[in-house]
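Remarks on the structure that follows.
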Amino acid sequence: MELILALAIGILGGSGVWLLMRPRTFQLIIGLSLLSYAVNLFIFSMGRFPVGAAPILEAGGKGDPAHFADPLPQSLVLTAIVIGFATTALFLVVMLAARGLTGGDHVDGRPPR
Amino acid sequence: MTGWLQHLAILPIALPLIAGAVMVALDESRSRLKAAMGIGSILVMLAAAVALAVQAHAGGAAAVQVYRLGNWPASFGIVLMVDRLSALLLLVTALLGFAALLYALAHWQRMGAHFHALLQFQLMGLNGAFLTGDLFNLFVFFEVLLAASYGLALHGSGVARVKAGLHYISMNLAASLLFLIGVSMIYGVAGTLNMADLAARIPRMPAADRPLLEAGAAILGVAFLVKAAMWPLGFWLMPTYAAASPPAAAIFSMMSKVGVYAVLRLVLLLFGPETGVSAGFGSTWLMAGGVLTVIFGAISVLGTQDLPRLAGGCVIISSGTLLAAVGAGQTAVTGGALFYLVSSALAIGALFLLIELLDRGRDLGADVLAVTAEAFGEGDDEEEQQGDDGIGVPIPMTMATLATCFLCCALVLAGLPPLSGFIAKFAMLDGILNPRGLGQGPVLVSPGSWSLLIVLVLSGFATLLAMTRAGIRNLWADADRAVPRIGAVEIAPVLLLIFVCIGMTVAAGPVMRYMQATAAALHAPDHPRQPGRGAR
């Protein structure tokens, strides 16, 4: 489980960084999205995931809070997702404006000659 | 503290939020109403900031006022914390916001949609970042101020703004992701994000957890340093600030200080002298990075040919100086640095506003042509012919005012007497050379401090050189330039900011005492930031 999660974060993050370095705005925004997925998973994993732990309620009792996952990283992820979504949408608008003004989708306005 | 006064801490966040939200709903044609609301809201913020500063300063050696949002116990809820530093920065933010708004009334408010609302949200983000006592909330307020700043940076549109804005936004989105990684790593190790709790837990942290904590703090620091434009993370700054509309650039001069503020708070809180093994973590890097940033800023100030980029270079120099001063980690230096922060933020804000007034009525690209002509030794003959009309042309009042303002900005930024920049730099140099006060025996000044000292003096010289050159070219060189038409509402904010700088010079004693008290409280080994646990 840990290995799968670590690999997922690594691959998402690596692809994100690679795309971030590319000269097209579309690649840039996809790169940022992939990176934010990687970061969200990372935050999630910082809450230490107990595998196979009991849910909050146990049969016939309240359950022990020590047994279930830390809820704070989850709420952090939620906030991060919302903010990331909003900023991505905003960035998309700027990209479209740049496309309209410069006539190209290069991050510097026009590709170097 | 009783009654409504205890809720004063939330006012600088709630008020601009409400004002901005109402403004979004209002139609663009009601700009007069929006402007009135904006001015009202900022004036109330200003009053609140003054009240908070007075409260914090009266509260004793290390007063920290904790405001628990929703009155939740501190371990569950989120807190705001007001100490001298936050109150001081709230005050500066409100001042700059007021100046920017006033300036925008002339015509910038009509150059694009929702200027007033964006400004309010920007102020809300700035105030929130200064007030929050929780790392994750700091992230949220960073995003608020960044989102508003994206809008403000693009205000007025145009190819240059959109191009610079694209770089600015992608840079900051990437930095925000680093912020999240850093915050979550710290949470994973420490189990809390409340700054007071963190400060209390770090000294007791087992050695096995330290590497993860330090890595987290370093990643978090990188995110702040991008904001503060430390070399080599600050290449986005000059194009963005130069392309932004003047009122937006003026408020941005405060925005780069948020990064410095966060670094200062984090370094002193998490890695202060009492935190055991981790004490002083990163300060060497801060010092080195700060010094390099100042050098980079000085070179770009000298190398640039147009005024907005010159002002951008000044922002970089100011950030670098502050970062290096934080890295020096001495109480007296920090006190001087805080004085420098305030005076340079105000002067740079004034300079950004002034630049557009100076540029008005000039041909585009005139500066570049002038420099080229100078480099090739042309254009001198013309000027000599002009010299024979006797005593010279009278300088119009407008030009004289502009020139005086420019001179004041130059003096503050270069750190020359008699204005506040000199006092700030003097205080920092004094702090480096005499950390314990005069006549306390020989002091060993570290090589890092020596480099800071040298760079401080040299950067002042570079700024002076660049500003003089720009001033001569813009104000003296062409005698027959058209006198720009300038409204009172445009020059008033510049004058306001400069008068505050002059006021800081005249009242240097009390202001410096406030700064030193702030620095002493920040550096205090038993910093009573535990009230997060809810004594109050």
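Using the three backbone atoms N, Cα and C, a Cβ is placed for every residue, glycine included.
Residues or ranges marked as transmembrane segment in TrEMBL: B:6-26 (among others).
Per TrEMBL, transmembrane segment is recorded for B:38-67 (among others). Proximity of distant same-chain residues to the transmembrane segment (B:38-67), defined by a Cβ-Cβ separation under 8 Å and at least 6 residues beyond the stretch ends, is recorded for 1, 5-12, 15-16, 19, 23, 74, 79-84, 86-88, 90-91, 93-95, 97-98, 101-102, 116, 119-120, 123, 127, 133, 514, 517, 520-521, 524, 527-529, 531-532, 534, 536.
Residues or ranges marked as transmembrane segment by TrEMBL: B:87-106 (among others).
Annotation source TrEMBL lists transmembrane segment at B:113-132 (among others). Sequence-remote contacts of a segment are chain residues at least 6 beyond its ends whose Cβ falls under 8 Å from one of its Cβ atoms, and for the transmembrane segment (B:113-132) they are 9, 12-13, 16-17, 19-21, 23-24, 28, 31, 34-35, 37-38, 41-42, 45, 78-82, 85-86, 89-90, 93-94, 97, 100-101, 104, 138, 140-149, 151-152, 155, 247, 251, 254-255, 258, 261-262.
The domain 'NADH:quinone oxidoreductase/Mrp antiporter transmembrane' annotation in TrEMBL covers B:133-433.
With a threshold of 8 Å between CB atoms, the same-chain residues lying at least 6 positions outside the transmembrane segment (B:172-195) that come near it are 74-75, 79, 81, 133-136, 139, 142-143, 146, 150, 201-202, 205, 209, 212-213, 215-224, 226-227, 236, 265, 269, 529, 532. Look at TrEMBL and you will find B:172-195 (among others) tagged as transmembrane segment.
According to TrEMBL, the feature transmembrane segment maps to B:215-237 (among others).
Under the heading transmembrane segment, TrEMBL lists B:249-272 (among others). Residues 85, 89, 92-93, 96-97, 99-100, 103, 119, 122-123, 126, 129-130, 138, 142, 145, 149, 152-153, 195, 198-199, 202, 217, 220-221, 224-229, 237, 240-242, 278-283, 286, 308, 311, 315, 318-319, 322-323, 326, 329, 334, 341, 345, 348-350, 352-353, 493, 522-523, 525, 527, 529 of the same chain sit 6 or more residues outside the transmembrane segment (B:249-272) yet have a Cβ under 8 Å from a Cβ within it.
The feature transmembrane segment is assigned by TrEMBL to B:310-331 (among others). Residues 225, 228-231, 234, 237-239, 241-242, 249, 252-253, 256-257, 259-260, 263-264, 267, 280, 283-298, 300-301, 304, 337, 340-341, 344-345, 348, 351-352, 355, 413, 428, 431-432, 435, 448-449, 452, 455-456, 459, 462-463, 466-467, 470, 516, 519-520, 523 of the same chain lie 6+ residues outside the transmembrane segment (B:310-331) yet bring a C-beta within less than 8 angstroms of a C-beta in it.
TrEMBL lists B:337-355 (among others) with the feature transmembrane segment.
What TrEMBL records for B:405-428 (among others) is transmembrane segment.
Look at TrEMBL and you will find B:448-467 (among others) tagged as transmembrane segment.
Here TrEMBL flags B:488-508 (among others) as transmembrane segment. Beyond the ends of the transmembrane segment (B:488-508), by six or more residues, the same chain brings 95-96, 98-100, 102-103, 105-106, 250, 339, 342-343, 346-347, 349-350, 353-354, 357, 401-402, 405, 408-409, 412, 418-421, 423 to within a C-beta distance below 8 angstroms of the stretch.
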The transmembrane segment (B:405-428) versus listed stretches B:87-106, B:215-237, B:448-467: most Cβ pairs under 8 Å: B:448-467
Surrounding residues of the transmembrane segment (B:215-237) on its own chain - C-beta under 8 Å, 6+ positions past either end: 135, 142, 164, 167-168, 171-172, 175-176, 178-179, 181-186, 188-189, 255-260, 262-263, 266, 270-271, 281-282, 289-290, 292-293, 295-296, 312, 315-316, 319-320, 322-323
